[in-house]
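Student: Let me begin by handing over the structure; questions about it come next.
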Amino acid sequence: MDKKTLSIVGASGYAGGEFLRLALSHPYLEVKQVTSRRFAGEPVHFVHPNLRGRTNLKFIPPEKLEPADILVLALPHGVFAREFDRYSALAPILIDLSADFRLKDPELYRRYYGEHPRPDLLGCFVYAVPELYREALKGADWIAGAGCNATATLLGLYPLLKAGVLKPTPIFVTLLISTSAAGAEASPASHHPERAGSIRVYKPTGHRHTAEVVENLPGRPEVHLTAIATDRVRGILMTAQCFVQDGWSERDVWQAYREAYAGEPFIRLVKQKKGVHRYPDPRFVQGTNYADIGFELEEDTGRLVVMTAIDNLVKGTAGHALQALNVRMGWPETLGLDFPGLHP
């Protein structure tokens, strides 16, 4: 099979660099060009030392981009939308890792991000969560990567709402997130002496990924997200507090997950009765495209605690985007992604 050429815009950041790492091992992809204004002329390993010896590519300025089969855009929010015409002319297949085209509802976008530069294009991209939108992705030329916190939340809650397991009451979500979720650009909040050893509530209300969660969950339930920053480099642990319908049992919860995720290559249900590793832990999915999902039901009250662990840069960003590309191209879904995490 002839390889498809792929270029990455914004490849010096964490999201673009992670897509590059995965793409370099993909048997059907040839990485053609990678861009960075700041590091133009520098070899890739100058910014991503883990890729030393894996590629001889050097960063180029975006103005020197040539046409390719696939263009991955890992730009700050708003940039791709403002320069859409220029970038869309370079490749028939576009994969956007920013928030620019994740939402279809212009009012939701306005509430969380402000005015959209290209509201006429909202709804033209397919949301890159294969577990939810596999059929739509099969014919998608424009793909919008999901937010990392939204990915963790959606994967944990979607089967329960689809099966009618939950009461129509507000769902409260807490997200323990890592430092890399803030991106490669340094800030006072990410400065090591300020961040190391700290567990900081940084977004108690109004988290932007709430919009994606609400728009993509069945019935558009009332969901409230609180984000807590930890000093881990990678990983997200999502816990959701909700209530099951009267008379519903643990068996019903199991059934909802098994029906939704039967045969899913990157979903693992983690709920053991004994041992140290009874529930999902971001440590064991670090660097992988797996999502570990678990739960615990308080039978006498009906309170259900749902847990999801993912790597924010892989399953939360570049990994699910590459998985979506595999679906789009008709390739085996696990290509470039089929590897386990580390232990210990």
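Note: Cβ is positioned from N, Cα and C throughout, glycine not excepted.
Straight from Swiss-Prot, here's the annotation block:
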BINDING   S12, G13, Y14, A15, S36, R37, R38, L75, S180, A184, N312  NADP(+) binding site
ACT_SITE  C148  active site
Student: Taking DSSP as the reference, which of helix, strand or coil describes N312 (NADP(+) binding site)?
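Tutor: It is coil.
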Student: Taking Cα atoms as reference points, rank the binding-site residues S12, Y14, S36, S180, N312 by distance from the residue listed as 'active site' and give the first.
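Tutor: For the residue listed as 'active site', the closest Cα among S12, Y14, S36, S180, N312 is found at N312.
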Student: State, in Å as a whole number, the widest CA to CA span among the NADP(+)-binding residues S12, G13, Y14, A15, S36, R37, R38, L75, S180, A184, N312 given in the record.
Tutor: 25
Student: Taking 10 A as the limit, how many CB atoms besides its own sit near the CB of S36 (NADP(+) binding site)?
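Tutor: Its Cβ shell of radius 10 Å holds 24 other Cβ atoms.
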Student: Could you check the recorded positions C148, S180, N312 and say which one's CB has the fewest neighbouring CB atoms inside 10 Å?
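Tutor: Checked C148, S180, N312; of these recorded positions, fewest Cβ neighbours within 10 Å: S180.
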Student: How many other Cβ atoms sit within 10 Å of the Cβ of Y14 (NADP(+) binding site)?
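Tutor: 22, counting other Cβ atoms within 10 Å of Y14 (NADP(+) binding site).
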Student: Once the chains shown are all counted, how many other Cβ atoms turn up within 10 Å of the Cβ of S12 (NADP(+) binding site)?
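Tutor: Result for S12 (NADP(+) binding site): 23 other Cβ atoms within 10 Å.
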Student: May I ask you to report the DSSP-based helix, strand or coil state of Y14 (NADP(+) binding site)?
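Tutor: Looking at the DSSP assignment, Y14 (NADP(+) binding site) belongs to a helix.
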